[in-house]
Each structure stands twice: as structure tokens, then as C-alpha cells.
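Undergrad: This is the structure I have questions about; it appears just below.
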Amino acid sequence: MPLLALFAQMAFYHLFLLAFLLGAQIYQSFFANITASNAITRAQFGILQAAIWPMYFKLQMVVSVLLALTYPGHGEATLFRGSTSLQGVFDEGNCLTVMLPLMMMIVSSATNAFVLVPTTIRIMWKMHVESAREDKLRGNTESQSQEEKNNFESVRDRKAVEKEGLKSPELKALTSKFLYFHLTSYACNLATIATSICYAMFIAERCL
């Protein structure tokens, strides 16, 4: 087959999207995220995460939907079974190897994009505001308090506050909620990554 003819094949776009999704997920979750947390302050890391993760999960969801729409079917490639596009995804023979992983990827990424991450970010900002308010009540100067409001880099490190026993009940409640939504979001992301790897393995198995 001529090289340019690949651009007319849905199989090319399907495999390209799968490779792109796997690479983006692994790089962002296990390399960029860890590197950033070690290279910048906690406050800067919070700002960075609040900007990156919503976009990341929306991209994850869109690519997962495109994977379902570009399913090639047996007419274009021997690696795939059933009809093309969504009809092939929902074919009876593809329930476990195609429909289930793709639907799990779409649902988990959409849950992160529209529920878990926005909620986590809102709670995070409330935590910073509450921490700044408590620092002010503990006797910080007016100039220091204003600086804390404008740039939460000066807010005490959460672990240090816990260690000193200075956390109010309100801040403890916010921290518990933050950890719950953050860990749930992280688990959903890992589930999406694992499911996309399983889907790639189903395709690779047919090559053997």
C-alpha cells in the first residue's frame, strides 16, 4: 500500500490516536507531574496543576471518544473485527475487547474532567484562603496578610501546619475533602491508563 494511502484509512488514525493517548498519559502522570513537584514550591505546583489537569482530562476524554469513532472494523484491517466506527464498537463480538475498555476510558475521563478535578481545585483554593485567614488571626502583620492573599506561596506548608497542631476544624475538614477528591481523581486517571493499555494489548494480541 502506498504511504500516502494510509491517510485514507481509519486504522491509521485509530492507532495514531491510541499511541498519542498512551504517550500523553504516561508522560504527564509519571514524568512531568513528578518532575514538577520536585522542581518548584508547593504553591507553584498547585497553580501549575490547576492549569494543566483540567485540560489534560478533557483531552483524555476527547481522544477516547475519537478512538470509538475511528474504530476501523474488519473491512480495513485484519486486526479489527466487526463494522466500522460506533457500530463496530457495539458489535456483539467486541463487547469485552473494544466496547468495555473504550466506554470505561470515556466515562472515567469525563468524570475527572467535569466532576472530580473542578471540585478538587475549588477545595484547594478554599484551603489556601482559610490558611491565610488563620495566619492573619495568629498575629501576622497586615502587610504579610495582604501578601498571603495575593500570592499563596507565603501560606504555610500544609504538613508544617499539621505538625504544629495549628489547624482549625474548618481547615481539617477542607483537607479531608481535598484528599478524598484528589485520590479519587488519581484513581480514575490510573484506571483510564490501565484500560487504555489493556486495549492496546488486545490489539497487539491479534498480531501474534
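Placement of Cβ uses the backbone N, Cα and C atoms for every residue, glycine included.
Automatic prediction, not curation, is the source of TrEMBL annotations.
According to TrEMBL, the record shows the following:
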COMPBIAS  146-158  compositional bias 'Basic and acidic residues'
DOMAIN    17-126  domain 'TMEM205-like'
REGION    136-158  region 'Disordered'
TRANSMEM  55-74  transmembrane segment
TRANSMEM  95-117  transmembrane segment
TRANSMEM  179-202  transmembrane segment
Undergrad: On average, what pLDDT score does this prediction assign to the domain 'TMEM205-like' (17-126)?
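TA: Here the mean pLDDT over the domain 'TMEM205-like' (17-126) amounts to 91.
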Undergrad: So which residues does the transmembrane segment (55-74) touch in its own chain, when a touch means Cβ under 8 Å and the partner is 6 or more beyond its ends?
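TA: For the transmembrane segment (55-74), the nonlocal Cβ contacts are 9-11, 13-14, 17-18, 20-21, 24-25, 28, 80-89, 98, 102, 105-106, 109-110, 112-113, 117, 189, 192, 196.
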Undergrad: Using DSSP, what's the helix, strand and coil tally for the domain 'TMEM205-like' (17-126)?
TA: 91 helix, 0 strand, 19 coil
